[in-house]
Amino acid sequence: MGQFISFMQEIPIFLQEALNIALVAVSLICIVKGLVNLYRCGLFQLMVFLVLAGRSCSEETFKIGMHTKFQEVSLSLSALLTNQSHELPMLCLANKTHLYLKSGRSSFKINIDSVTVLTRSEVNLTSINLTRSIDVFVHSPKLGSCFESDEEWVVAWWIEAIGHRWDQDPGLLCRNKTKTEGKLIQINISRADGNVHYGWRLKNGLDHIYRGREEPCFEGEQCLIKIQPEDWPTDCKADHTNTFRFLSRSQKSIAVGRTLKAFFSWSLTDPLGNEAPGGYCLEKWMLVASELKCFGNTAIAKCNQNHDSEFCDMLRLFDYNKNAIKTLNEETKTRVNVLSHTINALISDNLLMKNKIRELMSVPYCNYTRFWYVNHTLSGQHSLPRCWMIRNNSYLNSSEFRNEWILESDFLISEMLGKEYSERQGRTPITLVDICFWSTVFFTSTLFLHLIGFPTHEHIRGEGCPLPHRLNSMGGCRCGKYLPLKKPTIWHRRH
């Protein structure tokens, strides 16, 4: 008796669902069969194409789908290379022979030739206070007798970066800074006799941080490196890639792997570095060009799942070093070493090595400064930014990786539909069956429109759709965007 009473109580619910199904059926038959079928036949699309096609030839009019656009984002690393004391060093190679080093307000020129300027004297640092007019023979990174305090640390850092080991390798000659001839340090890298292994090691270090330099010394001949202060050339521009090579060369330890141990909490920051809740905004930190959107916790969640994305590497790099850069000019040079170790642990990994191999093999690679993503204009959702590859020192044209951003658009739409499906299933799990059923009815009722219909646009046979451009008989764009290709054209119904 109790079960029967429960069944009778549920009858109004069943009747209500049946009534809803009847209303949906009437709506599909009366409205969808009249208006949607006309839309699906292609007549309206053809009229719109003939009226609007060729009106604009700008790149901004290209769309992947109905609501997805191809966009890009560029990063600037100028915050890492500011003109302050104890900043990250900058390196420059001019005319493949002139080597330069700059950090803060100090800059140096590195000459490599066979001319001997300094000679060794039987005086060490302990007696330099008594004899300040002779050259100094040093075995440690303490170069206070050779350079000023703001120059000493960067010169010692550079010497260590090219492969010199203070506790094992031969000492260096430097001119006493009290002499009027000027500051100078001399390193013997002659690849002869007992100095051959030391010379080869320093040569390889120079080749690593100064890519493309010409070797002025030959096997068995005398070869000396001379470092002296000199103004920074005007034709040398800041290049973060050279700084990355320098930091990776001078690292003391290498992280074998890199994974996120916990979910990162990101926050908005203003130009002064003050935090505000709501996500992580690169634009407010002046690392992304203006008028671009902020990437919030959605992008960071994707970075926690995908560990091989160059864009995620850049986010981690900025997060790890934001506080270190802020205190870089206020603390001692030990802070710079900590910063270099942190950066090296992030960039000296398999991903950077893979990109460097691609560069050497003339294969497109990533330089971590420009990224592209697919943005859904209605919902505001976007895909995880991906690196814009480089070949022969120039960015690839967007048409060269067209398939990638089209697939990225498909993945974004699929992700949005899957999320919407999960939300609807959680809200109305019973009605979901009805929606699927009537979706099948809708599909079967409009299937015949695929057999008869109007073409919607014209494009080159076998090529991609040129929307919103209109083609002429020679396969070129009527507005002059593309040159005539002398290829046959064909009318299509859908893009």
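Quick reminder: no glycine exception, Cβ is built from N, Cα and C everywhere.
Checking the candidates C92, C146, C366 against Swiss-Prot, the cysteine paired with C236 through a disulfide bond is C92. Taking the Cα of N392 (N-linked glycosylation site) as the reference point, the closest of the recorded positions N188, C366, N375 is C366. Nearest Cα neighbour of C236 (disulfide bond) among the listed recorded positions (C312, C366, N367, N375): N367. On the 0 to 100 pLDDT scale, the topological domain 'Extracellular' (59-434) averages 71 in the predicted structure. Fewest Cβ neighbours within 10 Å among the disulfide-bonded residues C92, C236, C312, C387: that distinction goes to C236. The Cβ of N397 (N-linked glycosylation site) has 9 other Cβ atoms within 10 Å, all protein chains considered. Distance noted between the C-alpha atoms of C387 (disulfide bond) and N397 (N-linked glycosylation site) is 13 Å.
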